[in-house]
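S.K.: According to TrEMBL:
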{"type": "BINDING", "residues": "A:Tyr15, A:Gly42, A:Lys109, A:Tyr132, A:Asn188, A:Asn288, A:Arg384", "note": "substrate binding site"}
{"type": "BINDING", "residues": "A:Tyr72, A:Ala108, A:Lys109, A:Tyr132, A:Asn188, A:Tyr219, A:Ser247, A:Phe248, A:Ser249, A:Arg258, A:Asn288", "note": "pyridoxal 5'-phosphate binding site"}
{"type": "DOMAIN", "residues": "A:35-400", "note": "domain 'Aminotransferase class I/classII large'"}
{"type": "MOD_RES", "residues": "A:Lys250", "note": "N6-(pyridoxal phosphate)lysine"}
Protein chains: 2
Amino acid sequence: MVKINENYLKLPGSYLFSTIGKKVNAYIQAHPDKRIIRLGIGDVTQPIAPAITYALHEAVDEMGHKETFHGYAPDLGYGFLREIIAKEDYAARGCNISPDEIFISDGAKSDCGNIQEIFDESCRIAVCDPVYPVYVDSNAMAGRTGEYEEETGRWSRVIYMPCTAHNHFVPELPQETPDLIYLCVPNNPTGTTLTRDQLKVWVDYANQKGAVILYDAAYEAYIAQDDVPHSIFEIQGAETCAIEFRSFSKNAGFTGVRLGFTVIPKALERGGVALHSLWARRHGTKFNGAPYIVQKAGAAVYSEEGKAQLKEQVAYYMRNAKTIYTGLKEAGYEVYGGVNAPYIWLKVPEGMTSWEFFDRLLEEAGVVGTPGSGFGPNGEGYFRLTAFGTYENTAEAIERMKKMPSLKK
Amino acid sequence: MVKINENYLKLPGSYLFSTIGKKVNAYIQAHPDKRIIRLGIGDVTQPIAPAITYALHEAVDEMGHKETFHGYAPDLGYGFLREIIAKEDYAARGCNISPDEIFISDGAKSDCGNIQEIFDESCRIAVCDPVYPVYVDSNAMAGRTGEYEEETGRWSRVIYMPCTAHNHFVPELPQETPDLIYLCVPNNPTGTTLTRDQLKVWVDYANQKGAVILYDAAYEAYIAQDDVPHSIFEIQGAETCAIEFRSFSKNAGFTGVRLGFTVIPKALERGGVALHSLWARRHGTKFNGAPYIVQKAGAAVYSEEGKAQLKEQVAYYMRNAKTIYTGLKEAGYEVYGGVNAPYIWLKVPEGMTSWEFFDRLLEEAGVVGTPGSGFGPNGEGYFRLTAFGTYENTAEAIERMKKMPSLKK
């Protein structure tokens with residue numbers, strides 16, 4: 001008789017965004033006349049840039065002709081894409097990453113979820129709290145996280161690193177020694193970052209302990225300040241302790257196009273084995289490459305036109321971030337993030353939980369955000385708004401929030 | 001200190017097609033003047049059909065405009081695609097599969113590789129021998145297959161079901177009871193199939209034992225004979241014991257476009273848990289949907305024009321299959337498959353191994369095929385040729401094979 005993977009049964013409730021979806025649908029049913037503004041899920045709204053749709057059309061035409069048709073892609077990605085990434089994202093920032101240390105995939109979520117497979121079941125993970133739920137959930141499914149404690153909202157074997165206003169959202173080195181350290185910088189959900197010096201502390205720590213840092217840099221395009229590194233490989237020593245995940249979702253609007261990549265330096269070894277070879281085997285066995293047309297679109301992101309168009313797109317969203325940030329400040333909120341990231345992290349009014357604030361915001365302003373507690377226990381009391389809406393909607397949402405009756409003092 | 005997943009280190013050598021690639025490259029280096037004909041890897045050569053490139057162009061245009069832009073897809077796939085699949089692939093064949101039992105993915109290889117995650121580590125798997133290597137490799141990575149025995153080419157905990165000319169390539173019910181039974185029908189590599197009655201034996205057996213059949217139907221479009229089912233769900237009782245994998249790679253030439261789906265009936269439970277809910281959780285946590293433009297392309301496969309164009313494409317490849325099959329018969333080979341599948345499985349000349357035949361075929365005819373032993377110990381002495389080349393190349397390859405000096409008697 002087949003036994004199922006019982007680790008799945010330990011996972012609490014349903015996924016954060018499904019719950020939000022259900023609440024929003026219930027609201028829409030009850031108030032068909034009200035216009036909802038969604039600043040909840042981190043999905044983009046601007047269309048794919050012209051330089052990229054042009055590349056997509058060209059690639060589709062290639063696929064339609066015998067002479068230029070492309071079948072199976074190379075397992076680890078097309079050379080044309082890996083080379084331009086190595087040049088533009090790494091060499092240009094002084095990082096020594098070669099094209100064959102870059103693995104093209106269908107997105108950072110897949111890679112972040114799958115990477116744990118190449119490590120032993122016994123590995124202990126450390127995560128920032130709050131953080132993007134995929135790191136913990138994917139390890140819970142693999143049986144690495146122990147038991148889930150309903151009351152605290154924590155797993156018994158996970159090392160949580162609180163990131164709150166108290167420590168300026170900079171995780172402290174943990175008491176217990178982790179094997180795998182997930183860092184998401186710029187952070188989802190708090191929108192905060194680490195400086196070069198702050199990140200160097202982690203790189204040194206990981207090298208000293210033999211730990212591996214799993215560095216999710218999906219929001220790197222939004223970094224505006226000079227002392228914030230765009231890649232962990234800007235930090236000396238990272239090549240022997242870090243794996244980096246990158247995405248085209250937020251810098252190029254590819255949430256529905258699907259493309260990402262993972263960088264594993266060949267110098268990164270544990271137990272005498274190159275992690276690069278393990279991930280190559282995983283990729284070759286359980287993945288069949290990202291679509292040719294999508295990889296061509298990825299290359300267009302780095303063309304001169306593509307870069308110019310995407311710079312505008314990022315600026316558009318950052319204008320939203322500023323609108324939210326300053327608007328909420330004016331309304332008397334404590335606000336974080338929004339400077340190097342498309343996320344704004346606000347403290348909910350005293351005496352309210354994150355979900356209570358979610359309900360009030362939806363009910364009174366028709367605005368959808370994301371409750372901080374959905375990202376971990378230390379997210380309780382906070383709330384995430386994203387800058388990915390249209391400018392008009394974003395500005396209106398802030399006006400509506402300023403007028404919320406329950407928040408008037 | 002991080003420990004790696006040591007199961008990866010047990011995997012023998014490198015992946016079959018990488019080895020072939022290296023040998024072919026070495027040959028090309030040594031004989032730059034010779035023209036290689038590749039009938040090895042199962043990659044298609046015909047371009048994407050006009051009805052589909054049209055849909056791709058349309059979808060790209062949608063992505064380029066704010067009003068019609070699509071961000072994150074629904075985790076489990078767009079309704080428009082799941083509905084047409086339920087209608088055309090299932091309802092039309094009398095199978096009672098609803099759209100929400102269909103999970104859209106980036107391809108059958110990913111799904112076949114990932115499905116084992118929802119089962120316990122202790123599960124024993126049974127595979128046909130020879131077979132597509134992903135089933136065993138993905139389970140080896142998860143630690144389910146015991147130790148690899150170099151001499152026999154077998155894993156200690158895998159139940160192998162020999163499929164050779166002796167049993168007409170029909171696997172017999174195993175002595176030991178498996179938990180997970182992988183069936184690939186039409187079979188890769190042998191090109192053989194099971195009739196309805198033969199498959200019913202397996203469905204009854206799985207239901208009786210509480211096993212689950214993982215049914216890979218990637219080549220279903222090539223089925224020509226009436227008594228061969230296109231889906232396992234044509235067999236009564238399959239809804240309580242089977243998961244089916246389907247691909248757009250071979251019926252629509254999507255090897256480089258990437259699209260597939262998996263069907264898990266809601267009635268399929270083990271230990272009181274619906275496997276549907278486990279896979280939904282896996283999909284939602286570690287995958288972010290197939291690209292919108294690719295899902296639109298998938299829907300175009302079922303349009304009237306799409307169906308007509310793809311019928312021609314399949315016929316084109318099946319003409320190749322017939323050319324290979326009859327040509328090799330004339331040349332005195334023992335030949336199987338090729339009637340309901342794009343693969344031809346031939347017995348190599350007496351006294352030769354599969355790899356020896358590979359080397360001779362490359363050296364003397366400049367033709368690349370796949371050694372049967374690469375698909376399992378019982379593939380030794382056999383050789384796979386695919387019908388996915390152009391007609392001209394296929395015909396020439398057969399002419400060259402007829403003239404091979406070492407095979408003249």
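Each residue, glycine too, has its Cβ placed from N, Cα and C.
Predicted automatically and left uncurated, TrEMBL annotations should be read as such.
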S.K.: Report the largest Cα to Cα distance, in Å and rounded to a whole number, among the residues A:Tyr72, A:Ala108, A:Lys109, A:Tyr132, A:Asn188, A:Tyr219, A:Ser247, A:Phe248, A:Ser249, A:Arg258, A:Asn288 that the record lists as binding pyridoxal 5'-phosphate.
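M.R.: For the residues that bind pyridoxal 5'-phosphate, the greatest Cα distance is 34 Å.
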S.K.: Measure from the Cβ of A:Lys250 (N6-(pyridoxal phosphate)lysine) and count the other Cβ atoms within 10 Å, all protein chains considered.
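M.R.: Its Cβ has 26 other Cβ atoms within 10 Å.
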S.K.: Same chain only, sequence gap of 6 or more: which residues have a CB within under 8 Å of the CB of A:Gly42 (substrate binding site)?
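M.R.: The answer is A:Asn188, A:Lys250, A:Pro342, A:Tyr343, A:Thr386, A:Phe388.
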S.K.: Pull out the binding-site residues from the set A:Lys109, A:Tyr132, A:Asn288, A:Arg384 whose C-alpha sits within 10 Å of the C-alpha of A:Tyr72 (pyridoxal 5'-phosphate binding site).
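M.R.: Qualifying among A:Lys109, A:Tyr132, A:Asn288, A:Arg384: A:Asn288.
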S.K.: Indicate whether A:Ser247 (pyridoxal 5'-phosphate binding site) is helix, strand or coil by DSSP.
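M.R.: It is in a strand.
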S.K.: Take the C-alpha atoms of A:Asn288 (substrate binding site) and A:Ser249 (pyridoxal 5'-phosphate binding site) and report the distance between them in angstrom, rounded.
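M.R.: Cα-Cα distance, A:Asn288 (substrate binding site) to A:Ser249 (pyridoxal 5'-phosphate binding site): 20 Å.
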S.K.: Specify the nearest of the binding-site residues A:Lys109, A:Tyr132, A:Arg384 to A:Ser249 (pyridoxal 5'-phosphate binding site), where nearness means the distance between Cα atoms.
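M.R.: Given the candidates A:Lys109, A:Tyr132, A:Arg384, the nearest one is A:Lys109.
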S.K.: Quick one: give me the count of other CB atoms within 10 A of the CB of A:Arg384 (substrate binding site).
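M.R.: Counting Cβ neighbours of A:Arg384 (substrate binding site) within 10 Å gives 26.
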S.K.: Taking chain B as the partner, extract the binding-site residues from A:Tyr72, A:Lys109, A:Asn188, A:Ser247, A:Asn288, A:Arg384 whose Cβ is under 8 Å from a partner Cβ; order them by sequence and answer 'none' if none remain.
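M.R.: Going by the Cβ criterion (under 8 Å to chain B), the qualifying binding-site residues are A:Tyr72, A:Lys109, A:Asn288.
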S.K.: Go through A:Tyr72, A:Tyr132, the listed binding-site residues, and name the one with the sparsest Cβ surroundings, counting other Cβ atoms within 10 Å.
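M.R.: Result for the binding-site residues A:Tyr72, A:Tyr132: minimum number of other Cβ atoms within 10 Å at A:Tyr72.
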S.K.: Given A:Lys109 (substrate binding site) and A:Ser247 (pyridoxal 5'-phosphate binding site), what distance in Å do their CA atoms have, once rounded to a whole number?
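M.R.: The separation of the Cα atoms works out to 9 Å.
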